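Lifted from TrEMBL, the feature list:
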REPEAT    116-150  repeat 'PPR'
REPEAT    218-252  repeat 'PPR'
REPEAT    320-354  repeat 'PPR'
REPEAT    422-456  repeat 'PPR'
REPEAT    523-557  repeat 'PPR'
REPEAT    625-659  repeat 'PPR'
């Protein structure tokens with residue numbers, strides 16, 4: 001035998017030994033002899049191995065589970081043309097999927113002329129395992145057309161994929177398929193997954209229908225139904241299902257309890273939450289499971305029971321990011337933002353990395369606490385963690401944070417940097433613009449959002465309507481109104497309220513009334529928007545009529561309604577009507593103790609000249625604030641009670657209250673009418689130096705009047721020259737009055753010349769000038 005033939009003979013003997021020395025069923029393969037076999041094959045064994053031999057090697061590869069060896073076998077079978085052999089190819093697809101080589105399995109699957117149910121199922125299973133849910137569902141569609149049938153396990157996996165992707169159409173087709181095969185009645189778990197799929201896709205009607213038809217309603221099905229109702233915002237129905245489940249003698253599991261606690265959180269149902277807590281403790285779930293502990297913390301914090309939440313939190317055997325985040329969110333919701341930030345700091349100290357929800361909750365706490373520096377630190381941390389522009393929740397929270405702090409260019413910069421922008425991202429920016437008085441930018445941002453193909457939601461409409469209201473952009477608001485009606489957002493109370501408010505603030509009262517009449521419901525909030533708009537536009541009689549109409553519709557006034565009505569009565573001098581409203585307020589009891597109503601009553605009686613009643617209401621107030629004092633002082637000033645004005649002002653300061661702009665107008669007027677020049681000048685200086693108030697034009701007018709009445713006309717002229725605003729007609733009338741009083745012709749002429757450009761038809765100016773000239777002629781000064 002030649003030397004060249006010896007290695008070939010040795011390989012032949014070795015290969016035959018591997019396959020014949022031990023019966024195949026009892027053979028114990030190991031990686032070494034499998035790789036040795038593959039090496040012999042790759043070296044070109046003289047004859048092509050039989051299908052049986054390759055099938056044995058495939059079987060051995062499956063048992064040994066080595067990916068590298070499987071890929072070697074795959075490459076060899078492709079080269080030898082055996083990979084597409086019907087039975088071998090289908091087995092190889094399954095093996096590649098098992099070894100995690102899904103892309104190779106797909107490549108081979110597409111080459112197969114005949115595809116077995118096993119290879120279909122294997123590839124679908126591979127897609128599901130690696131998270132390629134869209135590919136799995138697409139393959140199912142093709143498989144269904146090929147009349148192949150998924151396994152029950154894959155039906156479950158595909159339904160879970162539909163639930164995760166919220167693909168209701170494909171989920172419904174899968175339901176039809178499993179129903180045709182009669183699997184729902186045979187497999188309890190499959191039926192439960194169908195309930196879960198419909199629930200997670202938001203189709204609770206179908207979820208309930210499937211649940212009702214299940215032959216056996218187990219814990220999984222009940223839990224899916226409860227969780228679906230919670231997600232759908234029907235927390236009350238979720239708790240009803242929980243109760244029905246308990247009556248069925250079924251034992252809730254951890255997920256059932258956590259879903260039920262979420263329902264309690266949504267409803268702030270503390271009694272029910274505590275009842276569930278006790279049931280969990282009785283069944284031994286409390287203190288062992290982190291998810292249970294975190295859910296309890298969330299329930300107690302959502303209900304505002306922070307002490308109980310702390311107790312549960314401190315007893316947790318392990319505090320993970322979920323439980324820490326629940327505490328941070330609870331403190332933030334409860335108004336304890338500083339405590340929330342302390343909690344976040346402690347969590348960092350203990351080495352627990354924050355997740356996206358933690359960052360979002362802590363940024364909200366920074367907004368409430370007004371701590372920009374801490375918010376910037378969190379932004380830096382989010383950047384380091386790669387979450388700032390990749391995680392939707394964190395990105396949106398950052399836009400919201402910068403917008404709330406007024407850093408609107410930075411908020412826009414963060415928004416632009418986001419990998420994915422949704423309606424929440426844009427709403428955060430738009431609401432920031434509205435909050436800080438940039439209505440035009442808010443509407444421009446809305447246009448950009450639409451250009452990106454993102455639809456407005458109720459929050460967007462509310463923000464844009466507020467922007468239109470601030471700009472008095474009624475025509476733009478009407479476009480949003482049309483879109484709201486088309487999209488069916490009339491059902492949102494908040495949208496309806498802001499829509500009425502937008503028309504009312506713009507003075508379009510007829511349109512505001514039409515909206516109220518068109519709505520399927522009416523409430524006090526929308527009527528208050530109309531009434532307060534009428535008050536602001538000076539339509540006082542219309543406001544009182546609207547208040548009456550509201551009551552005709554069976555809607556009871558609240559504190560805001562009465563405040564508006566009393567303001568209208570005060571400004572119109574309708575004492576009798578004001579007294580009637582006071583009587584109505586007194587009947588309601590609780591409103592009588594409302595400080596805003598009390599202040600408005602003082603103001604109403606004072607403006608109607610009934611100072612004794614104003615004083616009586618004032619004396620009964622549970623506390624006196626600057627508004628109450630100012631209303632009373634203004635009332636005394638109106639009837640010439642100058643001493644009472646000065647006395648009230650001094651008492652107010654003794655109470656430690658700081659006077660406001662309106663208070664000083666009344667006090668300076670009182671000084672003017674009483675001829676108290678020095679006192680008036682002292683108060684004017686105190687307003688600037690002691691209280692830091694920049695005088696308005698009204699204050700300067702009071703000082704001009706004070707000086708003019710006292711005969712210090714030159715000083716009054718100097719005061720006018722130092723006014724940082726353009727003097728109005730009232731200033732020049734005041735000056736003309738002083739010139740008439742003291743017979744100063746030349747200054748009178750100058751004042752008249754300044755008044756004419758403001759209104760050349762102003763009768764008062766002509767009368768003043770005529771009287772000044774007449775006095776001058778009688779004195780022989782003017783001919």
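Placement of Cβ uses the backbone N, Cα and C atoms for every residue, glycine included.
Since we're looking at a predicted model, the values are computed, not measured.
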What else in the chain is close to the repeat 'PPR' (523-557), if you only count residues 6 or more beyond its ends and a Cβ gap under 8 Å? 493, 496-497, 500-501, 503-505, 507, 509, 512-513, 515-516, 564-565, 567-569, 571-572, 574, 577, 584
Positions whose Cβ lies under 8 angstroms from the repeat 'PPR' (320-354), at least six residues beyond its ends: 290-291, 293-295, 297-298, 300-302, 304, 306, 309-310, 313, 361-362, 364-369, 371, 374, 381, 385
For the repeat 'PPR' (422-456), the mean pLDDT of the predicted model: 97
